[in-house]
Amino acid sequence: MSVKPSAQTNDTIQSTSKSVPAASDSLVIGDAIYHLADHTPMMVQYLTMKANYPQALLLYRMGDFYELFFDDAKRAAQILDITLTRRGTDKAGNTIAMAGVPFHAADSYMARLIAAGQTVVVCEQIDESATGNARNTSNTPTMGDKQKKDKSKSAAGTIMRREVVKTLTAGTITDDALIAPNHTPTVVAIDILIPKSNSKQSLQAAISQMDLAAGTLTTQTLSANHDDIEGLKTQMLTVLARFAPSECIIGEALNDSIGGIGEDWLLWLRQSLDCPIIEVAANDFHRQHASATLCQQFGVQRLDGLGSGISDAPLAQSSCAALIHYARQTQQRQVPQINQLIVEYSDDYLIIDANSQQNLELFTPVSSNGTSLLSVLNHCQTPMGRRLLVQQMKRPLRQHSRINLRLDAIACLLKTDKTSIESNQASNQALKHSSLVISLREMLNSIGDIERISSRIGLMSAKPRDLRKLADGIASSTQLTTLLTDSGVSHEQAGLLPMLMQQLPAQLPAVQSIAKLIERAIITEPPAHIRDGGMLAAGYDDEFDRLTHLHDNIQVTLDEMVERARLESQLPSLKVGFNKVSGFYFELPKMQAKNAPAHFIRRQTLKSSERFITDELKDVETEYLSAQTLALTREKQLYHELLTELSSHLAELQQLSAAIAQIDVLSNWAQLAMTYNWQCPVMSNNDENKDSSNTDNQASIDISQGRHVVVEAALNPVNAGNAGNTVNSSNNSSNNSGTTRHNSHFVANDCALGSDANPERLLLITGPNMGGKSTYMRQTALIVLLAHCGSFVPAASAHIGDIDRIFTRIGSADDLAGGKSTFMVEMIETANILNQATNQSLVLMDEVGRGTATTDGLAIAHACVNRLLEIGCLTLFATHYFELTKLAQNPKESSGSNDKLIRNVHVAASEVDGQLLLLHQIKEGAASSSFGLHVAKMAGIPTQVLNDAKRYLVDNLTIDNLGIDNLSIDNLKSNNESANDDKNDLAKSVKDKRQQTADSDIEKLNLSNIKKTQNMTDIPQQNQLFSLQDELHAIDPDSLTPKQAHDLIYHLKKIISR
């Protein structure tokens, strides 16, 4: 979910409130009044159903089509780009607009309507005869024309019975054909308690999420001071960013005591969310009835029995109850698969708000051709695993014991692989067949979406192919146990992998019985749908077998019957036949007809023969003519009973699905670790040593040779492919922790804050544009995120302390629709950080203060640094305001009490032959220059413009013009030292024959910087020192006579004394 400021259009707002008749002979639906007397019985039936769903699109089944009428037809035609026609007029002469879609291709049309934010209500024909004629693929006799006419006459004058069978919404769909790839439909319900104006009671809100496919309800209660509405909204947006709902339901804005949201809050939600917002009946949120609804759903007497903390959270109860009501309404049945309730708290997870998620490009890239972190990481083999990985990234853990469980499991997989690889290398076996991780992933790739199939079983909507996929998945998951056991992992051991093995079929007899039942019931390649039958296997049911045998083998049955009659009656010329008028008959020649048995009933006399029928033959005829219908009815009944039986084991199926998903994610993390040479992080401040009430528990990070996941993968696409397939053996060597370059030539860098060796809380990062400051900051945040997800990290080593949130202020964007400039947007993000950050937060601030006057920008940046120091959070602060570097060199400049809170670092860069060379290395000290003109040249700025810029910089730009403090000589010396350090690094990377030239160029560059700085100061003492330096630089000592040298010394001493 993305949070956006623009208002939501009313077209996406759906309502389930029912219309009521305006009078006994008319209906009000929306803004229209329909007089029932003007319409045919069929249209009256349609309008009566439509009145219950005024804002939804009603798909009304008529034969082979789903039809839409009136405004629904116009709306659907516009969205689907289909023909808008008409179904004549009513008796008053009003045109009835109509549009339709074929029922056999309806899924694709429904998916498009749902994606457009519409609610789709499906109305089906219930009569069996309405589903079309039964199939007849043989050349055997069919029902006579006279019988068809008689049957059709019996139905004449009646209206086909129809019922609403399901309501499809963006958050409650479970059919794969309706769900976009890699998308998880969810619904959130929001309940808010606003205290009275004279009350000191805190503001409260509960946000609950329902994942119908996973069968989970997740809820979190938020609170803020009674007058801090903006604070509560900020918290809500953070939770909504984590939930990423497909739709949101709220109670109608009625009585707050019942549970409703005021119009102001509703408007704010519409402006903030990019999903449909649906108003439901306020009683669905009724706080007095919520407890009973939850107890009924979860089968407990009291909410205390759930043991999840829900009993003390009335708003969480009401919002969860509203979701259960909504699920039952949309699915038109009970929802037994919702059997897990999770209560979340802010301290459970590392919090990353929506802005930070976007700035770090976790799930979606900023640019259309960009790459998100998820796209690089997500190479899971099962649909459940891919969804679980997203959830783990949205919910990075803070509890170190849970993190270490995941890390230990990954280490176990890698350790097993390493042992196996060494053993197989010694025996000269192929590497690709020795890896446990690869074997697991190959097996996982054959497992279908058990989670969603289980959900559809609970909703009685699973299709025959779903069941076959389930049986095949169970068989494959059994092999997972074998692979792990053969690698030395036992379900009796401690750890996450043994726990997961206990949820695999080997330890769940009920799951094994499910697979056997499906194998016995469903054919190997069943049809896609049950409507035409043909999915049950022979031998599953005797009665079904008899009916299908009768229909499919009618000639055999007749042949057996006539042969038996010949023997019994001694009539060798007896034959059996069929015609459309009389049906089945026995036929005897005239000469033998007089010997016909008594039970033969004469039916027809021909010139040379007589035709007879018997009661047995009539029974066979009746059974045959109805056999296909009876077989299809019996097959559907048996299939329904099969789903009912399977639904009694939903809990075991959900356990299996969850275990497979976790194994998939763990093997995915292990594959990434092998491919990219990631290392296991060390999570410090373990839970047992942590005092949660102690606010002095400060965060810390100590990362050695860290890399940026996405950039490294982009620079090395071969490895990126291997991450999703096989192990890259070149990366299985020992860790090269001493180097700053890897296969992809990505330059690795250290980052340490708050550690024993580096106690500083803020890194002030300077350096040129394009040098890698933003990449360095982002990679630090991503390493911290991955560690809290329980993954190995792209670094030689990483020690991560107790971090509660990650904030970022990176990049630039405006909000034209919301009336906010780029600078305003950046200030809002900065304000959020300064108001929400704690001493356990990690904060990334990039170029704060740009976009306004330099004096204002520098002042804002200076104040922000001081505020961040007061908070004590870990901060990476990138800036081009070199004046800020004095805060680290002169601690008294800052308002902090600690003299070692700030450390200057810079991105190394140097100039060679007039060209800027970016080394991408983080070095101690402040940068000597931002090299803005060099970057402008690289971007293609015309030479004339660059020369003009240089002249302006040298001749006109002075510190006095800017109205800010002057650079100190000490700062200048530091800058020169940094430049010399970068020069030394550069000399190592260029050819020997150019080293002397490069040194000369860099020395000239430093002198140029000194002269530029001379022009940028107006302090007399500093001017005199620069003048003295110029004189010394101009002197040639070898050309001076002793007298001239003596006079020069007195001259210099006189200048210094002044």
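Glycine too: its Cβ is placed from the backbone N, Cα and C atoms.
According to Swiss-Prot:
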REGION    130-156  region 'Disordered'
COMPBIAS  130-142  compositional bias 'Polar residues'
COMPBIAS  720-740  compositional bias 'Low complexity'
REGION    720-742  region 'Disordered'
BINDING   G767, P768, N769, M770, G771, G772, K773, S774  ATP binding site
REGION    975-999  region 'Disordered'
COMPBIAS  980-999  compositional bias 'Basic and acidic residues'
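Taking all protein chains in view, 21 other C-beta atoms sit within 10 angstroms of the C-beta of S774 (ATP binding site).
Ranked by how many other Cβ atoms sit within 10 Å of their Cβ, the binding-site residues G767, G771 place G771 at the bottom.
Ranked by Cβ neighbours within 10 A across all protein chains shown, the binding-site residues P768, G772, K773 are led by K773. When secondary structure is read from DSSP and collapsed to three states, M770 (ATP binding site) falls in the coil class. For M770 (ATP binding site), the count of additional Cβ atoms within 10 Å of its Cβ stands at 18 [all protein chains shown]. Long-range Cβ neighbours of N769 (ATP binding site) (same chain, at least 6 residues apart, Cβ-Cβ under 8 Å): S930, F931, G932, V935.
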